[in-house]
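Copied over from TrEMBL, here are the features:
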BINDING   507, 510, 547, 550  Zn(2+) 1 binding site
BINDING   516, 519, 534, 537  Zn(2+) 2 binding site
DOMAIN    279-445  domain 'Helicase ATP-binding'
DOMAIN    542-696  domain 'Helicase C-terminal'
Ligand SMILES: Nc1ncnc2c1ncn2[C@@H]1O[C@H](COP(=O)(O)OP(=O)(O)OP(=O)(O)O)[C@@H](O)[C@H]1O
Ligand SMILES: [Zn+2]
Ligand SMILES: [Zn+2]
């Protein structure tokens, strides 16, 4: 008898262990660790993951496996093992840890198909089922009653494959598109002819005057909150054309990437790469921290290290923060390694992600470039893992399985006996501290490429501007310098760390701020729809015309979002062509890329944007960078606020003067004397590190102490207080006297979606029993946590979001 040990797809305390199922004869040899199966569970049929096989079971009543979803395991031995480790590290259920490693699609509805891949004749029965077709429904194969072993053999030979076609809407093969049939001038004439009553039509025409290119119909209608009916008359009159466009699943299929050759390394680069190559060769595990100033050629070091791994017949994982995974970045990897690269990031559709992931699983590529979750790439011979911009907090997943990609990378690299390279111009304090202690090997690139100097940073005290009567969000000197660049034909990047038109709505008379009725948070004004929205729950309402408190009509939106800055900029320098890049202008697929290409082609003078422009951009014609509000982040309730400010300012400044032309940076601030702003302006990383470490030490923060954040939530505030207090009491008794526990305190966001939130924080240096203690707490409240809308206890080890 053959038994499969299965982790079932039910995330709960009781099911957090393998269940035994019998493997029916017909599935023997097919059911193996790492495949997904369908099994009976209580009255239901659900999915599960086979984690191991056994000869016998201790249970008397064992049910049969109903179906096997994979012929090739989707999880390797190593990943199954890693899942276990992850589950212990994060205290999340094993099933959640297995699922976090796989593309979303594997949980979605799919159509199972059999694909014939080669011209070779198959087993005659099987050949009959295909009947000359290349793709058949998997059911047809099943109904034919052919042994799985025959199928297996053909799969192993690469002649046939099981494929999942996702049934989700996103993977639709064609999409309806619309485009204007005339140019801007033509549209202007149309607008003149249109009756002023045809408001919807006018809006569409005006929209196309700004956006000449084709776009998905759905997007147009959504953007203008209008319907097909208002589009129709324009189509009839031949002003707008409707057509269908095929949606390609390989996002880079139709792109030519110019092949690049390795540069001859500079002396510094050569010195840095040497120990990395040596470790690769010796198949050793080690962690390197590559500290290289912006534009020092870190990426070239990555590329050449990866090349060595490829030459050895091994595989490489390259992690990049989501927002830095720009087309420029992809181009550099595709340009060097061509089709040997899979790319994984969130802008891909579910189907595309699945396809890229399959390239890795099928060993069609040796390199993956991806965001956080690419760390789980199902490679089996990893020779190198690189994390670029290693200080980025987006490497920490903030929901469900709260893992940090850096920790997972190091664990996987141990499994594979290979090096990890962490790269950054501004390493995380934790990482640099480890390097100083000798836990990581420090490698340094201190010079920019082509002898380019770091751009000169000038701090502008905005209090003085105000004092001199300048109420604008632009200092006089910044405007002067922008004008100077315009006349020279050089380009400018302006950075603002906020998004949207404005953040909140406030009454000028009584100061009343419109808040979400379900969450303790100000509503955000969305100009396009003239509505207020809550960013934490789904609540929205129309913009009030008068203050609900005092009935005053002077209710205004406040804050400086990118749209508002754009408008102000247009008034100050009307001749400038401005590209705005924020979440709103980049929501559409490929928009990010189009904007950057435009900027790269010098079709715009100024690139104005949020965080997403701070990373990785490499444009030689950018000679001026402006930071509008450097303090925006300093005031967050977060002990990392100074560190984040320093990192961001350094990154942004790094965008200027990267090639021949020297660059210049203007930083507007209300606190020019703050050490993180002052030291960032001088590129004094080491000094900043020293200053910040003093503060961390004084307040017992990381890297001197580890943190564990426990957040409790419930609809009843008294209940939350009580549970949190009990947790604190329990921990206080059990923890060693070198640890602290802070709280209970209300979370910074005290109420979300009508649930109250309290928290406590453990600060510790060494607390080996801590996980066991917390497990006991979770166990104690198990029943209450099962109830719908009941108690919730979230545990976050090494948290980055303290809200
Ligand atoms: N050895 C080399 N010889 C000539 N040019 C090089 C060499 N190495 C890198 N470059 C070029 O120098 C520029 C800056 O390098 P790169 O973008 O790799 O720096 P980086 O350290 O990754 O920068 P950042 O962290 O700011 O993104 C690029 O245009 C790159 O092609
Ligand atoms: Zn009021
Ligand atoms: Zn809300």
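Just so it is clear, glycine is given a Cβ too, placed from its N, Cα and C backbone atoms.
Whatever TrEMBL says is automated annotation, not expert-curated.
This view paints the features noted in TrEMBL onto the structure.
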residue: 507; record: Zn(2+) 1 binding site; DSSP class: strand
residue: 516; record: Zn(2+) 2 binding site; DSSP class: coil
residue: 534; record: Zn(2+) 2 binding site; DSSP class: coil
residue: 547; record: Zn(2+) 1 binding site; DSSP class: coil
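Checked against ligand 2, the binding-site residues 507, 510, 534, 550 give 507, 510, 550 in sequence order as having a Cβ less than 6 Å away from one of its atoms.
Checked against ligand 3, the binding-site residues 507, 519, 534, 547 give 519, 534 as the ones with a Cβ under 6 Å from it, listed in sequence order. Rounded to the nearest whole angstrom, the C-alpha distance between residue 534 (Zn(2+) 2 binding site) and residue 510 (Zn(2+) 1 binding site) is 22. Counting only residues at least six positions away in the same chain, the Cβ atoms of 547, 549, 550, 552 sit under 8 Å from the Cβ of residue 510 (Zn(2+) 1 binding site). Straight-line distance linking the Cα atoms of residue 519 (Zn(2+) 2 binding site) and residue 507 (Zn(2+) 1 binding site), rounded to a whole number, equals 20 Å. Confidence across the domain 'Helicase ATP-binding' (279-445), taken as the mean pLDDT and rounded to a whole number, stands at 93. On a Cα basis, residue 516 (Zn(2+) 2 binding site) lies 15 Å away from residue 507 (Zn(2+) 1 binding site). Of the listed binding-site residues, namely 507, 516, 534, 547, 550, the sparsest Cβ surroundings within 10 Å are found at 550. Each residue in 508, 509, 511, 512, 548, 549, 551, 552, 554, 555 lies on the same chain as 507, 510, 547, 550 and has a C-beta within 8 Å of the C-beta centroid of that Zn(2+) 1 site, without being one of the site residues. The Cβ of residue 519 (Zn(2+) 2 binding site) has 20 other Cβ atoms within 10 Å, all protein chains considered.
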